[in-house]
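Record features, source Swiss-Prot:
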| type | residues | note |
| --- | --- | --- |
| BINDING | Cys71, His74, Cys142 | Zn(2+) binding site |
Amino acid sequence: MENFFNQFFESIGEDKNREGLKETPKRVQELWKFLYKGYKEDPRVALKSAYFQGVCDEMIVAQNIEFYSTCEHHLLPFLGNISVGYIPKEKIVGISAIAKLIEIYSRRLQIQERLTIQIAETFDEIIEPRGVIVVCEAKHLCMSMQGVQKQNAIIKTSVLRGLFKKDSKTRAEFMQLLKS
């Protein structure tokens, strides 16, 4: 890692021995371990260990779960909120497990579209609800800092499975809950 940063500093015309940069390779290495720890965790385990047989058969919504991730195209952050709604069949999941699922997938090099799909597919596979919906809203620093340089653009993605995909009233109920 140190050689990588020494070459990087040299390529941009920076002095690798400058006081403020001497410890940067070590600091960044520790930061990257934290930012990308999602590769060392199994998102399925996070859900499998946190569900129980439920008595609820109505919609459950976890709204505005904050996340940050790193765009795999430019290695710049994107951050925002994810909301997950589901209609249980037999299993109900602890709300913190939904946040953990989001954290595991977002702590990887990502694109927003895949992040949204992975959350929905894993939830659907492990919890087996009658329906699941995932809505992700994010600001991409790669869009703000370079290229088109649009500071206030918000990108929204969604994935629908089961009743949310088949029934427009169910979708509308979820969207109304997000607004209230």
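Keep in mind that glycine also has a Cβ here, set from the backbone N, Cα and C atoms.
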Exercise. Hey, for the Zn(2+) site built from Cys71, His74, Cys142, who else sits with CB inside 8 A of the CB center?
Worked result: Thr70, Glu72, His73, Leu75, Leu76, Phe78, His140, Leu141, Met143, Gln146
Problem set entry | Secondary structure of Cys142 (Zn(2+) binding site) (DSSP, helix/strand/coil) | helix
